[in-house]
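Colleague: One structure coming up, written as structure tokens, with questions to follow.
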Amino acid sequence: MKKDSYAARLWQNVKRHKGLYLMILPIVAYYLVFCYYPMYGAQIAFRDYTPKLGVLHSPWAGLKHFAEFFKSVYFERLIRNTLSINLKNLLFGFPAPILLALLLNEVRSQGYKKFVQTVSYMPHFISTVVIAGMVLQFTATDGFLTQLMTLFGYPKQNLMMNPSFFQPIYVISDIWQGIGWGSIIYIAAIAGINSELYEAARMDGAGRWKQMIHVTLPGILPTIITMFILRVGNMMNLGFEKIILLYNSSIYETADVISTYVYRKGLVDQSYSFSTAVGLFNSVINLTLLFIANKLCKRLTEHSLW
């Protein structure tokens, strides 16, 4: 009876708001097709999969592929590089949009504010291929960045052939491309803060710096915590597209990460089961980090995803 009642209420709600449900339908379909349906294929991580036999008829292998990855000579390097790049991105890239949003909130000239926002948003819409091409041009032997560094005593060299320069260049290019777009959510959160709080702070003698510290930052703290938890939950993820376009054999030492390794093993070497096992391991670690970050944030700040 309760099920019928719930189904009836749901159907009435769908009929009443059918426009909204139609709008969300493509998004639901996208996640069903590209996120949930592929989970069926995750079982090949536990099989010796061959396309000829298919998923269900390939022989069972248990944890063989996971053990093979853990014993691999590349295991330590992949984990180290993936964490190193993501930690640098978290340390420098995560606060950058927050700082930009706070600074833009203090700008009183609307024209200048819109100009800065437009300029900072534009890199987000540039193709990854173009970004990689720009980085390679700037870091070539006769590139602008290389020429600039020679003024500070660095030898003239192709920076992307030097392993020690890859990660800083990658992180800086990531920050440049995403800082403007990432600030949008914080600007929206700042706009939602009650203006009466600022008025009360001014009446108490608080200057703009004190207002930022005691009104603006606490007002956007739930948003910051939410974004931080989601960021930590993707700590082991690193888009391989830009790395594939940037790296070469001379910088594998610092540029090779889990996603590029999965690409090589899965698509180049056609080791489907092994690459799926590596990808599944990566997802499990991300999920674990998400739960840990959520638990810690809830304990320390009383804000969390759930």
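Glycine too: its Cβ is placed from the backbone N, Cα and C atoms.
Note: TrEMBL annotation is automatic and uncurated.
Got these off TrEMBL a minute ago, pasting:
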- 20-39: transmembrane segment (TRANSMEM)
- 79-293: domain 'ABC transmembrane type-1' (DOMAIN)
- 85-104: transmembrane segment (TRANSMEM)
- 125-149: transmembrane segment (TRANSMEM)
- 169-191: transmembrane segment (TRANSMEM)
- 212-230: transmembrane segment (TRANSMEM)
- 272-293: transmembrane segment (TRANSMEM)
Colleague: What residues in the same chain, six or more past the boundaries of the transmembrane segment (169-191), come closer than 8 Å to it by Cβ-Cβ distance?
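Modeller: Same-chain contacts beyond the flanks: 85, 88-89, 92-93, 96-98, 100-102, 104-105, 117, 119-124, 126, 131, 135, 139, 159-160, 216, 219-220, 223-224, 227, 242-243, 246, 255.
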Colleague: Looking at 20-39, 85-104, 125-149, which one has the highest count of Cβ pairs under 8 angstroms to the transmembrane segment (212-230)?
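Modeller: It is 85-104, which has the most Cβ pairs under 8 Å.
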Colleague: Near the transmembrane segment (125-149), which residues from the same chain, at least 6 beyond its ends, have a CB less than 8 A from one of its CBs?
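Modeller: Non-local partners: 156-160, 165, 169, 173, 177, 239, 241-242, 245-246.
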Colleague: In the same chain, which residue numbers or ranges, 6 or more beyond the ends of the transmembrane segment (20-39), come under 8 angstroms Cβ to Cβ?
Modeller: 14
